[in-house]
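K.L.:
What TrEMBL shows for this protein is this:
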TRANSMEM  B:29-50  transmembrane segment
TRANSMEM  B:62-80  transmembrane segment
TRANSMEM  B:110-128  transmembrane segment
DOMAIN    B:180-485  domain 'NADH:quinone oxidoreductase/Mrp antiporter transmembrane'
TRANSMEM  B:186-204  transmembrane segment
TRANSMEM  B:259-282  transmembrane segment
TRANSMEM  B:303-332  transmembrane segment
TRANSMEM  B:338-356  transmembrane segment
TRANSMEM  B:363-384  transmembrane segment
TRANSMEM  B:390-411  transmembrane segment
TRANSMEM  B:432-454  transmembrane segment
TRANSMEM  B:474-499  transmembrane segment
TRANSMEM  B:511-532  transmembrane segment
């Protein structure tokens, strides 16, 4: 049981830090609100991406994220294959090509459906 | 702390081996899944390149053809299975594993896959149904509900033909889920099945905010349960040194991997089993992991609800049966008490809560939770009879529940209105449309387990298996719970036939060919499996040869290792 002692101590310190810093911040921190302070962080879009008067959600950022995933996943699988492609042989090559074709289809879908048009 | 041996033997820590031998893949065995997957990929291409006006008919044709083709391929594989004859060793009648033992195709798997394919085919008919140019799906789900842009899309007749590739991908996951023979494949199948469903849940045409809420809830809770499942896999891997079901089975029998001294790793296994159980019990919707079910069933488009209540439930229970009876089969004494508690909670709590429900789809959702409890009694039994009973129950319940949801799509509050959600709005349906009310009454009686319906045979099979396995108290609870459920099923029937409608009563849409055939198939299957279940039960129940094996073998029989 004493083996877990340090873990409990660390957990206690962590919890204490959270509580203390929040309480001190609430008590001692200055509260001067202005326009800039109430705005969203500088991540680009408003926190509620609902256009005034209704309409579609702007999903440009999401589309960029989706594009990223398409290529990111591709790279993740290409790396180990590239390291051992000689050992993996023809089977590995065919499997990789099939995978690339499938990923490209997702890409083609996004392109055809206007995901690449920034407007 | 778990003591490790002083010097870990070098062989115990498996180093990754790159072989020049490519894994042997039996494409014939995988063909049903490959057909569905290929159709899904082609469907995405159609979405990208085919003209919008013709997409719907192409997609529907492709989806139906691929599901039909996959079913034919599954049936061909059943034919290719060697028959069990006297004097044959169990290995000879067992199925095959392929792709480095990651997929196992045996008799239970083929039955599950065939059932899932048939149920998905029927659900696809419901998905395709359109009434006066209106499907069950939103014209453009990305628009804000109630906005001008949404109106313009509705007026322009936009359609989400993406529904078909999404259903096909979900179907691929459903087919792979019960066939997976290691935990990684199973996890991939789980995600492939779930991700399209999260999206599909948010596509309802009416009550869009409800639908979006359902999708978000399902996604968040589903992701949460997936995390539990994954953590459980990691712990079980730590215990057994493998994710393969057969290896885990062997590791449990020998007391853990060679890394641990004298079975000291049991806590890893127990916590792992519990966490994997959380993931699987969430998918089947057992108490206390059932809270998503009423919300999601209510908010999702009704054809998708039908697909989830039938195909997904079958797939999830198929996976659960394989994991618990096969991978964890040797630890049955450890997990049985847990499932006892879960089964009792599921049956009692869901039955009681269902009595208070006013919304017909929520009511059927709670009823689905209760039925999950009934099937769990067969899992607790952990015998070949229990397996057979569970498989029969799932198939029977799937047909009936699709039929019931098909009826729900037809009954509206008023002409061109939304579906009549509150059960009080169903008053007087028996007089205005006796056929439809009769079909629903039959489905409800089958849910209640009245003789001459498939529900009775299913319940009888699972309860009999549970009694034979010594779980009599569980069966007593089950019978009591089904008496409670009978109350609210009969209440709806009474309401339809004997209550005075408020105002004009519900407005019933004339059933189109598609919905009509779905209800017809549901009625036919419910009656046929209820009156003449022998052929199906005979193929499911273990053959006398297998039953003659020593009892130790029997618990894991049926599934290929």
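Cβ atoms here come from the backbone N, Cα and C positions, even for glycine.
Worth saying up front: this structure is predicted, and the values here are computed from it rather than measured.
In terms of burial and nearby residues, how do these features look in this structure?
P.N.:
Long-range contacts of the transmembrane segment (B:62-80) within its own chain (CB-CB distance under 8 A, at least 6 residues past either end) are made by residues 28-29, 31-33, 35-36, 38-39, 42-43, 46, 105, 107, 110, 113-114, 117-118, 120-121, 124, 164, 167-168, 171, 175.
Non-local neighbours of the transmembrane segment (B:110-128) in the same chain are 32, 60, 63-64, 67-68, 70-71, 74-75, 77-78, 81, 95, 135-137, 163-164, 167, 171, 174-175, 178-179, 302-304, 306-307, 310-311, 314-315, 318, 391, 394-395, 398-399, 402, 405-406, 409, 514-515, 517-518, 521-522, 539-540; each lies 6+ residues outside the stretch with a CB under 8 Å from one of its CB atoms.
For the transmembrane segment (B:303-332), the list of distant contacts is 104, 108-109, 112, 115-116, 119-120, 122-123, 126-127, 129, 136, 167, 170-171, 173-175, 177-178, 180-181, 183, 186, 189-190, 193, 197, 200-201, 203, 245-246, 248-249, 252-253, 269, 273, 276-277, 280-281, 283-285, 296-297, 339, 361, 364-365, 368, 372, 375, 379, 382, 387, 390-391, 394-395, 397-399, 401-402, 405-406, 409, 555-556, 558-559, 561: same-chain residues at least six beyond its ends, Cβ to Cβ under 8 Å.
Within the same chain, residues 367, 371, 396-397, 399-401, 403-404, 407, 410-411, 482, 485-486, 489-490, 492-493, 496-497, 505-506, 508, 511, 519, 522-523, 525-531, 533 sit at least 6 positions outside the transmembrane segment (B:432-454) and bring their C-beta atoms closer than 8 Å to a C-beta of that stretch.
Long-range Cβ contacts of the transmembrane segment (B:511-532) within its own chain (Cβ-Cβ under 8 Å, at least 6 residues beyond either end) map to 122, 125-126, 128-131, 392, 395-396, 399-400, 402-404, 406-407, 409-410, 436, 439, 442-443, 446, 451-458.
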